[in-house]
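Trainee: Mind looking over this structure? Questions follow.
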Amino acid sequence: MPSQNTTGFSPARGSPAFREMEPKDQQMPANALLASCPQVALRIRPLSEAELEEGATIIAHKLGDQAIVLMDPGEDPEDTLRAHRSRERTFIFDMVFDQHSSQEDVYSATIQHLVEGVISGYNATVFAYGPSGAGKTHTMLGMDTEPGIYLRTLTDLFQAIEETRDNMDYSVSMSYLEIYNEVIRDLLNPSSGFLDLREDSRGNIQIAGITEVSTLNAQEIMQLLTRGNRQRTQEPTATNKTSSRSHAVLQVTVRQRWRGPDLAEEVHLGRLFMVDLAGSERASQTQNRGKRMKEGAHINRSLLALGNCINALSEKGGRGQYVNFRDSKLTRLLKDALGGNSHTVMIAHISPASSSFEESRTTLLYAYRAKNIKTRVKRNLLNVSYRIAQYTDVISELRREIEHLKSKIEKQEKNKSGPGIPDVQVTVPPNDAEDESHLQMNKIRAQLIRAFKEQMEMRHSLVELENTNLELHVDLSRHLLTIADWEREKSDLHMQREQDELEKEEELAETDGEDAPTEPQEVAVAREEVNLLLAEHRKTSALKAGLEQRLALAKQKASQMETLLPTQVTSEDQREVLRLLCRAHELEVENTELRADNLCRKTLLCQKDLVIQHCRQHQRLCEQLIRGQRQLMHDSGIQVPEALERQYQLYFRELGEDTLDRLLLLHSGMASSLQDASVLNISSLPEASQAQHKDKKNLPWGLQSELLPLLLERDSDGNKSLKATASRKPGRQDSLLPPPPLRTRLTPPMLELNPPAALSVQARKEMALGTKSIARIAASRRSKAQDRDSSSSRSSRHLEEAALDSKDQKPNPSPAEKRWLPASPSRDRSVERKARRKRSPSVTCGVQLMTEKPPLSVEHFTESQLSLGHLQPSKSSGKSFFPAVPTASKTKPNLSFHTEEATLHVPEVSFTFPSPTWQSSAGSSRAPLLPRDIRGSADSGGQHHSPLPPSNPRGRQGGSAKRPQRPR
Ligand SMILES: Nc1ncnc2c1ncn2[C@@H]1O[C@H](COP(=O)(O)OP(=O)(O)OP(=O)(O)O)[C@@H](O)[C@H]1O
């Protein structure tokens, strides 16, 4: 045990002072990694007056220091039938506090021990979680008479600093912000507007432009906090008179500089996050409307994202599982606290009232889950023995110079003392000229270093801005997809109504007056966010343009210096030094480029999935249009030209053969393997991203930026609408009836297109069995052939196999997968649209293709109050649908970040997609054709596979059959 020092303060574990006292064999490396689990505490507040008035009883009881029993208020002890279905449950946490626990009890048991860690360079995070009105703000901020965790922590922090001041230099700064409706506001300087959250090239999250106050006085900080808290968005709701409608984050940064007796110096940077989360809420309980409801949706959405991260991280310790921190600002900000380098304490809060049973249960499950997270905590050591390192460099440089001079002198001596020539005393030339050149050299070197440093800073900032822009694009794409989805749904509804009118003409008057479908809340939110994101994008682009100009100037200056240098430097040694300096700079630039590439690749992969989704959306629209037009032609008795009919056949044959689906499957498989590859630093990037990035004016979803105003134009209902996707009001005949048999000049049976029938479960199973054995045979043949083939052709075949395997091994579509099949009915669309918003773009493909459960929506979350069962990701989600998709062989790694132009060039990649070798369609009476082998088994089931959408957009059973025949 370390002995107590004279100040009485036991130095923080791991601090230099502590290590000095520690026996040598027990000393830890300065920045050793420590595995850590978050501590999860639970606090039960007293019953409130309102709860007492409504006659609520206490159902949450503390058992000992760590257990809590939550009783089911709906349980009837005399109902023996329901006895085994009781929802009563006991939970164990690290600490449990009830109504008798004081603020001091909570603080000393949960946070106090973190203070010394923060001082010595560790990160720590405390967050208060729980439903609205459960007591989070009370715990964090407290009252004047009973201060909460904020003040207690800061007081202890400053006291500890005061006690070790003799050996250390400290600087403490703090910032206080809120995340309200997914925008960040500086609570210490609210007039600064919305702030940007950025990730620097080292992956650190930063908030651009946040006010950082430096102080060493807890009272001063408390005053600032109280002032900041007045700026925090608080509104009365049905559950809490002073409900916080935002997440508040107090960040305290402690920089500790340790001055040793020699020249050694260590700088530690500890960060403490204290987060008062907004309360989760059920829309039904809060009875919120309008603005409050929108706030609630935002709060729930970010808490859902937090819950998803907790789930992903707690699955097998988060190893190997993709954790999507990007779904909300809150999770991005807490990235380190949750899954990285931080000691974390979560204090869950519940009300003991019987009326809050559901909320309490969900909160307990949520908190319980968080216990499984594993973090790896590391001390942030900024600078170890910086001065010593500096001097060591100088000394070794001098040594080298001495050696060099010695050998020179020896050489000269040898030359001069040749045979027959008497020894000559070597005289050292006068030093004046050397000194002057040395001074000159130092000056040049300093100038060059300054210029390089300046350039590097600008390059780093450019990378950050570029990354921010890409992230904005991804967000924008997601919101635009949500809007486009809704527009499509709206257009389907219009179409459906018109059909209904046809069917029941006598009821026309009734349906005529029907209102336009009301726009869902998330679409309105998406529209708002699109505007915000566009404004942000403009700001960032302007900043970037300015920075690029400055970088160009700096480069110009540096190149002028480069031309001047050879004339000023005379000695070979000096040249060598300068050459090394330039080389070091080059390497640094390369390093930045690689980091930028990596960041860019990750973001583009996310974006690419959205582009694919957009393509799918557009494809469906095209299908609907083609069907409608064919119906119209048929109804009007228009003869279809042969060439057009052939094209039509080809179009549906391609759909039948799933060519597009297969490409998209392959594409998403490539994306996920690329994502893995990025960890291994394999250079490759799909071509879609290249296409997007080539033209910077292009919006990420593949539309020209000029289209945006069009997209957001207001329609006749006064709503902003996506004209590009669904502006055309469908005509009467432009319905989604099955394509009628057309009168053409070709033989009628060949062209008759029947409505596509869905495969039965049995047929799908048979297909899967059949294709599995085909896949096995093919696999054994392939492995033989691969042995013979050269390595290059081997890799190209792999790619084709991946596509075939993925197709062949495709199981019966799960509910999530079904949405990817072109036949997805429109009734699924709203769920799809909502779900997409909650998923990370990059996970979307994986989740949709690989999981069995459809993802959650905000509404779902609101209703079920974060029920654990819903939040838990499917076990299969981590498994790749493409077991062996090769990437490197077929891709042209051409990742280049041309810093000369200070622009990010997206890599060029070329894929060779496998050409499907299905049987020709000739002679078939069905439009969508199956592969020969598959067709056999499908036919045996009496069903026909078709990827075409069902004839009825609402997916009504037998809708098309019921429809009256139109006059022809
Ligand atoms: N442990 C406690 N002891 C006494 N009063 C408490 C306690 N916890 C909460 N309260 C009281 O309950 C009310 C609601 O608490 P608080 O505002 O802290 O809830 P919250 O979880 O922050 O709610 P929201 O998420 O809506 O902001 C307050 O009046 C607070 O003083």
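Quick reminder: no glycine exception, Cβ is built from N, Cα and C everywhere.
Owing to the predicted nature of the structure, the values given are computational and were not obtained by experimental measurement.
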Trainee: Looking at 72-130, 308-366, 544-602, 662-720, which one does TrEMBL call coiled coil?
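Mentor: Comparing 72-130, 308-366, 544-602, 662-720 with TrEMBL, coiled coil matches 544-602.
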Trainee: Applying a 10 Å Cβ distance cut-off over all chains shown, what neighbour count does GLY135 (ATP binding site) have?
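Mentor: A count of 22.
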Trainee: Let's check the environment of LYS136 (ATP binding site): how many other CB atoms sit within 10 Å of its CB?
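Mentor: There are 28 such Cβ atoms around LYS136 (ATP binding site).
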Trainee: Would you count the other CB atoms within 10 A of the CB of GLY130 (ATP binding site), including those on all shown protein chains?
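Mentor: Within a 10 Å radius of the Cβ of GLY130 (ATP binding site) lie 27 other Cβ atoms.
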Trainee: In three-state terms from DSSP, label PRO131 (ATP binding site) for me.
Mentor: strand
Trainee: Around GLY133 (ATP binding site), how many other C-beta atoms are within 10 angstroms of its C-beta?
Mentor: 26
Trainee: According to DSSP, collapsed to three classes, what secondary structure does THR137 (ATP binding site) have?
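Mentor: DSSP assigns THR137 (ATP binding site) to helix.
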